[in-house]
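Here is the structure we will look at.
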């Protein structure tokens, strides 16, 4: 009996009591995870398939249970994968239905299964297969949910839906199947050939798991497809069962199936002699095909008994002749009825997924009165089509094969091009009539996709298909055309008119449909179609529209209405899209920052990492991009759409470098965990972990032939590895500091390394001998690269230069100089008309806060400028610098009035006294100094802090001075005597900023522990702690003392219990002190209003410092840009 005394809690969220596992995940979370995982229930699909096919007959499949190959798979340890293959209509699906029924009561633990269907978009891709298998596995083995629950809790249902989903799910399922609780499980997948997306990856996954999870068995079925056979051939323990090689068994099974079907023909009831005749005739004509029997039996259902034999004998043997007869039946209908059938069969056949009835009625081109009764038209289509859940399907994949080859002229009378062109034109028409601004009437521009509610009825229902596939149909119309020209790609043509009037509405709709990646692909296809017409206005529009979606797709995909706000505001002034849709600009922004005139070289920003991105690398074919991050992961991205395809997890430290192998099949990553990992770049599986470095691994590079791998480390060495075996071939020693970068020469004979010792070394890659040491950089050398011909070598250094060297002689041929610096601090003048900014480039700039025009650049500091402050009258400006000085400037002329010297370290902060007569400065030297602001004389030096002093603030009467320090304390000083009156302790980290309330009774302090504390400035007692914030660089009270103004927004200190936060609000403040007015979100991604997301900030415009004055928001960026936003006094839409 299990005892709780022998319990152990595992790291994956399970409690083990003896041999029993109990999930720690609460039931609601588990149920939500399962509900979002479920794309379709394979059990329901199995029941539906059996029902449609007339029921499951044991006599039609029992032969396989005694077959030698099946028994070898079932009973043998060395046979874990059974592949059942056969041509269309041979009964593979029903065979597997029967096998599943037999396995369910006998399998040791569980049976998971999935039925692929090429004509159903929910059932024809690899991700759907994995979702179905995992769903059933978790229903039977609930404790295994730990392998997916944590990821779901972090990302929600998107973890199952985005393009990264296959890799996430494959990793989770592989882990589940390696778990001892999965022993004896069986995985069944039917119709692999109908998995139209991701089949190679799915097959590779099956082969890999089959070889690594000996406890689990697999059954898969498919048609006889060479590419499937090629990949399954790699399976270590496979068994094949060919239906063609078991014709006698199939014939007996079909005979049983015919007996069953004939018995259910109502017209033959109690007519045994006639039944026998019909049975014999069907057996003679069935040609070993279950589908033929099913279609013929359906045809005979409504035939009178005396006519059954005649109709049956008219039925040709074999599927193709039967389809030809069905087509003849359609052609013999009344002319209008025949045309209606042709139109909907044509639309259903060329569509890229099954169409909803409401979509088919529009896209087929049927008259409105006919499309209102579409079910009747489908019924006339001679069993080619069927309706399920308001979707219209071709009854079998073989029907599509037939219609697009044998009978293309009968259905596609004007050819495939015309059919696709009709679908394109109808798509444009319905989108133009339907799409508008804010389709779901949510109003608030920052509403996240995760909080959109689907209206009923859904206004996008008729256009869902068109929004995703209209460009594909245009592309296929052009590629299939023979002689008829297509004129939609002319200036002022169909495409031009749609994009110039509806483009933003289409992007909003794509976001609502979670189809932004498809939108990027669509615009890329359009641009490709027009490459030969690159002088046209349409080409210019499409090129601009493609840049627009690449630049802003992430924002729009997360918050659809940002298409009309962030996307327009942050597009270049000369952007065609921006100009066309100026009327969509939000009226609650009255002052916008000036953007560049044209698009820059950056085509897209890929977001998703949770830390700094250290390295990127393109795959050799340019289709993928890999990135390495401080968040311990590597991501693989689609280089066209910018969508994340895979996240590779496994490193235990920052990932510093990534490199693709020359064939693009492998990816190497270097990490601070002292290892190099080699990954399968397709499946994301870690193939090897290379250990041996004694420090962080900073860089990795494959040799040109892909046989070797070089790694550079903080342990001052370079290692060369065999990229196949992982064996270390050589360790190159000689650098006097961390080695930051390595690169092979194009011929693979030499290796270059860059180091913190300020040198570059060139090595013989075979012998490990150092051929040359290149000296000349004044700081660490961060990166090296050979020229394509191997004659030159480039190196980049922290000294701000790039040097180009002769790779043979080691001579420096050129030094390239240039820099760009961060903005460290911004401050408004007391009247709010001007803004001062301080930068790492050593300058201070004064800006017109209304126009954004730079009024003056103040130069003179010898180091980064850390802080700026206006005097109370706005006439002077003080700046604090890393050059250990404070400067006082005339804020009008820009003339330097005084330089205050005396600090022994960087000056972090300055503040004027209320009367402007004194100036306080805080320094890295642990002191505060008080200066005469007129003469520059140092009046006092306040000592006592045990760390850098970050901030100073005078009380309103000028009698006291507060200081904030890295020692975690705030001190209050007598500003006249310099005596320390109080030391306020309680913060758990450095204190960044302090401010007195207007009456001087309270003091606020902001810390790196992500809290703000409110203190009684007389007693030193902590009155309140505001938790959950970002770190604030600047805080101050408003004039009433009821609100706290920060560089990221305003907090109400007087509201005891606000209403619950709206769903799109980020956690930005303690619940008792809600945000007021405009602000910056905790992650710097949004400008907010009342704590709700309002305006998305692209990554290059996210602030490292900010200031807010009423409805004006100023952002200082790492790029050196200062952005000013002025909003109306009225609230934005809510």
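Backbone N, Cα and C atoms are what each Cβ position is placed from, and that goes for glycine too.
A TrEMBL annotation is a machine prediction, not a hand-curated record.
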If I go by TrEMBL, the feature region 'Disordered' sits on one of 1051-1074, 1075-1098, 1099-1122. Which?
1051-1074
Please give the sequence-distant neighbours of the repeat 'WD' (984-1025): residues at least 6 beyond its ends with Cβ less than 8 Å from one of its Cβ atoms.
947-948, 950-957, 960, 962-972, 1031-1041, 1044, 1046, 1051, 1053, 1070, 1072-1073
Can you tell me which parts of the same chain pack against the repeat 'WD' (858-899), counting only residues 6+ beyond its ends and a CB-CB cutoff under 8 A?
821-822, 824-831, 834, 836-846, 905-912, 914-916, 919, 921-923, 931, 933, 935-936
The repeat 'WD' (690-731): which same-chain residues, six or more beyond its ends, come within Cβ distance under 8 Å?
615, 653-654, 656-663, 666, 668-672, 674-678, 737-744, 746-748, 751, 753-755, 763, 765, 768
Residue numbers, six or more beyond the limits of the repeat 'WD' (774-815), whose CB comes under 8 Å of its CB atoms:
737, 740-747, 750, 752-756, 758-762
Kindly report the helix/strand/coil residue split of the repeat 'WD' (606-647) according to DSSP, in that order.
0 helix, 22 strand, 20 coil
State the mean pLDDT for the repeat 'WD' (606-647).
85
Who are the long-range neighbours of the repeat 'WD' (942-983) in its own chain, taking Cβ under 8 Å and residues 6 or more past its ends?
905-906, 908-915, 918, 920-924, 926-930, 989-996, 998-1000, 1003, 1005-1007, 1015, 1017, 1020
Could you tell me what the rest of the chain brings near the repeat 'WD' (900-941), counting residues at least six beyond its ends with Cβ under 8 Å?
863, 866-873, 876, 878-882, 884-888, 947-954, 956-958, 961, 963-965, 973, 975, 978
